[in-house]
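Here the structure comes first, spelled out in C-alpha cells, and everything after it is commentary.
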Amino acid sequence: MTEVDKLTPVLTKRWLSPNSWTLRTYEQLEGYTALPKALRGSPEQLVQLVKDSGLRGRGGAGFPAGVKWSFMPPNEDKPHYLVINADEGEPGTCKDIPLMMADPHSLIEGCVIASYAMRAHHCFIYVRGEVPHCIRRLNAAVAEAYQAGYLGKNILGSGFDLELVVHAGAGAYICGEETALLDSLEGRRGQPRLKPPFPAAAGLYAQPTTVNNVETIASVPYIVNAGADWFRTMGSEKSPGPKIYSLSGHVERPGQYEAPLGTTLRELLDLAGGMKDGIPLKFWTPGGSSTPLFTAEHLDVPLDFEGAAEAGSMLGTTALQIFNETVSVPWAVMKWTEFYKHESCGKCTPCREGTYWLTQILQRMVRGEGTETDIDTLLDVCDNVLGRSFCALGDGAVSPITSGIKYFKDEFLALCESNRAKGASQTEPALAGAGS
Amino acid sequence: MTADALSHGAGRGTATDVDSLPEDSPFGADTVATAREIIARYPQSRSALLPLLHLVQSVQGYVSQHGIAFCANQLELSTAEVSAVATFYTMYKRKPCGEHLVSVCTNTLCAALGGDAIYDKLRTHLGSEDKPLGHEETSGTPGEQGSITLEHAECLAACDFAPVLQVNYEYYDNQTTESAVDLVDALRRGEKPAPTRGAPLTDFRGVEYQLAAGFDTAAEAVGGPSASAATLRGAQLANERGWTAPAMPDNVDLPPAPEKK
C-alpha cells in the first residue's frame with residue numbers, strides 16, 4: 001500500500017474555493033455527481049456500500065453508519081425519516097458548523113443519497129439555534145437544490161421524492177443526544193428517551209428514523225463516487241477514512257486539519273506549529289470534554305476509535321482542546337462540571353443531582369476550602385452518576401473529574417493545603433456544600 | 001401580565017385565526033400568517049413550537065405570557081405545555097432583551113484564553129464596579145437603540161477562534177477585553193460593526209425572526225466572510241505542500257445487493 005499524505009483534504013478541500021457555499025461552485029467541483037449514480041442503484045446496494053466502506057459515525061459514538069442504516073425496515077408501510085444531527089455543542093467541537101457554512105451542498109447531496117438508501121421522503125437538519133449564518137447558508141443551499149431538481153418531487157427523473165427542512169434549535173446541549181433531539185424536533189423539552197425502542201423502530205413521531213451526524217452524511221457522496229476501497233486507503237482497518245481534527249487552545253495555529261484516522265497529536269501539533277509560545281503541553285481532550293483527559297504521555301496515541309479507547313479515553317468528535325502548563329486542572333474540571341450541571345436536562349436523578357453536587361464540591365475546592373476527603377466524595381458521586389442515566393450526558397460529566405484526579409491528584413491535594421493550615425476543625429465537613 | 005391574558009391562554013387553544021387573538025394581543029395578522037407558514041412545513045404541527053417561540057420572541061424581544069398563549073393557540077396546546085418548553089431552552093428569554101444580545105463564551109477553553117476576563121470586564125463596563133451587570137441583565141432600556149443584554153454562554157462551537165463572543169448569535173472571533181469593550185461601545189452608539197464571520201449585523205429581534213421564519217437567501221446576506229483563517233488552515237497547508245487524499249478512481253460500480261435470506 002502506498003504512503004498516504006499527512007493531510008488528506010476530502011470534506012475540507014472545497015472550502016478553499018471562492019463562494020464555496022454556492023451551487024455553482026459545488027457543481028463545478030464534481031458536486032451532485034454522486035447523486036445520479038446513487039439513484040441508478042438500489043437502496044440495498046447503497047447500504048451495502050456504506051457498510052463495506054467501514055464509515056463510522058462522526059458524532060462521537062463511532063457506530064458503523066451502514067449497520068445503522070440497515071436497521072431501517074425494508075418496507076414502506078410507515079413513513080421513514082432521516083434526521084441530521086447538526087446540534088454541535090460538545091465543548092471543543094467546531095467542525096460541523098464550518099462544514100455547513102463552507103460547503104452546505106455536500107451535506108444536502110449526502111442527505112438525498114442517505115434518504116434514498118433508507119426509503120425516507122422527509123429529512124430534517126436540526127441545527128443549533130446559535131449559528132444563524134450557518135442556517136442562512138443551509139437555507140440558501142436548500143432553496144438552490146430545490147430549484148435545480150436535487151430536492152422535491154421526482155428527483156432527477158428517478159421517481160424519488162424528498163422534502164428537506166432546516167430546523168433551528170433553541171439552545172440546549174442535550175439535544176445533541178439523538179433521542180432528546182427527536183423529542184425537541186417534536187416540539188417538546190429536549191429530554192432523552194429510554195432505548196429500546198431505538199429510533200429505527202420508533203423515532204420521530206414514533207416512526208422509523210435514523211439520526212446521523214453532519215460529517216458522516218457529508219462523507220457519503222465521496223464514497224458513492226470513489227468506492228469503499230478508496231475510502232479504506234485512509235485510516236485503519238476498523239477506523240477507515242479521513243477525519244476532521246479540530247485543534248483549539250494553546251497551539252500556534254488552531255484550526256481544522258483533515259487527516260487519516262489514526263493520526264497522533266504529535267503529528268497534528270507539528271502541522272499546527274507546536275504549542276503556543278513554546279509553553280509545554282499539560283493536558284488535552286481527544287474528542288471534546290466528555291472524553292477522559294489525556295496528558296503529554298499520550299502524544300503518540302493513534303487517534304482512531306480503537307487507539308483512543310485502548311489508551312483509556314474515547315475518540316469522540318476529534319475535538320482536541322489543548323491546554324498548557326499555566327492552566328489549573330481542578331479549575332478546568334470545575335468549569336466543565338458547571339457546564340454539565342447547566343445542561344443536564346433534569347430527567348434522571350443521578351445526573352441532575354450528581355452534577356449539582358459535583359459542581360458545589362469543585363467550586364469549594366477551587367476556592368481553597370476543600371478537604372482531602374472531598375476527593376473521595378467526588379469519586380464516589382461520579383461512581384453513582386456513571387452508567388446510571390438514560391443518556392450519556394452524566395457519563396460525559398464524570399469523565400473530566402475522574403481522569404483529572406487520575407492524572408493530576410496532586411493539584412487537587414494542593415488545593416486543600418491552605419484549608420488544612422486553618423486548623424483541624426475546618427477539615428471535618430465531608431458533605432458537599434457544607435463548607436459554603 | 002394581565003389576568004385577562006392569562007385566562008385567555010389557560011385552556012387548550014382551539015381557534016387559530018386572527019379573530020381569536022385577545023384584543024390586547026401584541027401579535028397581528030402578519031404574525032398569524034407567518035405562524036401558519038411555519039406550521040405547514042412539518043408533518044405534525046407541534047414540531048413548529050420551537051420556531052413559533054422564536055417568532056413571538058422576534059415580536060416582543062422575549063417570550064411573554066402573551067407569546068406563550070399565542071403559541072398554544074396556534075398549535076392547540078395548553079399554555080402549560082408551551083411554558084414547559086419555553087423554560088427549557090436557553091435561547092428563549094423570559095425578560096425583555098436589549099436591541100442586542102451579547103453572549104460571551106465562558107466554557108473552559110474560551111475561559112482559559114480570556115473569555116472569563118472578557119465577561120467580567122463587560123459586566124462592570126456595561127454595569128458599574130459596584131453593581132456589575134448580571135447574567136441576562138440589560139444595560140439601557142430594553143427595545144431602545146443601544147440597549148444591550150449580556151449573558152455568559154456555553155460552548156459556541158468556534159473553539160479554534162477562542163475566545164469568541166456573539167452579538168445576536170453572529171460570531172466575533174479572537175476577542176480581547178479591549179476589542180470586546182470597543183464592540184459594545186460601538187453598539188451603544190448605534191453602530192453595527194461587522195461580524196468576523198456572518199451577515200451584516202441587524203438586531204436581536206431581527207435574527208429571532210430569521211430563526212423562526214427562514215432566512216433572507218439574497219446573495220449579500222448569504223455571502224460575507226465565513227471561513228476565517230483557522231477554518232482553512234489544514235486545507236491551505238495541504239495545498240501548499242501538495243498533499244492530497246489518494247486519487248478517487250472513476251467508474252467504480254456500486255456493490256451488488258446482498259442476497260435475500
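Keep in mind that glycine also has a Cβ here, set from the backbone N, Cα and C atoms.
Given the ranges B:1-24, B:121-144, the record in TrEMBL names B:1-24 as region 'Disordered'. Per TrEMBL, the range carrying the annotation region 'Disordered' out of B:196-217, B:240-261 is B:240-261. Helix, strand and coil residue tallies for the region 'Disordered' (B:240-261), in that order: 2 helix, 0 strand, 20 coil [DSSP]. B:CYS105 ([2Fe-2S] cluster binding site) falls within a strand when secondary structure is assigned with DSSP.
The Cβ of B:CYS105 ([2Fe-2S] cluster binding site) lies under 8 Å from the Cβ of B:ALA111, B:GLY115, B:HIS152, B:ALA153, B:GLU154, B:CYS155, B:LEU156, B:ALA158, B:ALA162, B:PRO163, B:VAL164, B:LEU165, each of which sits 6+ residues away along the same chain. Listed binding-site residues B:CYS105, B:CYS110, B:CYS155, B:CYS159 compared with chain A at a CB cut-off under 8 A give B:CYS155, B:CYS159 as the close ones.
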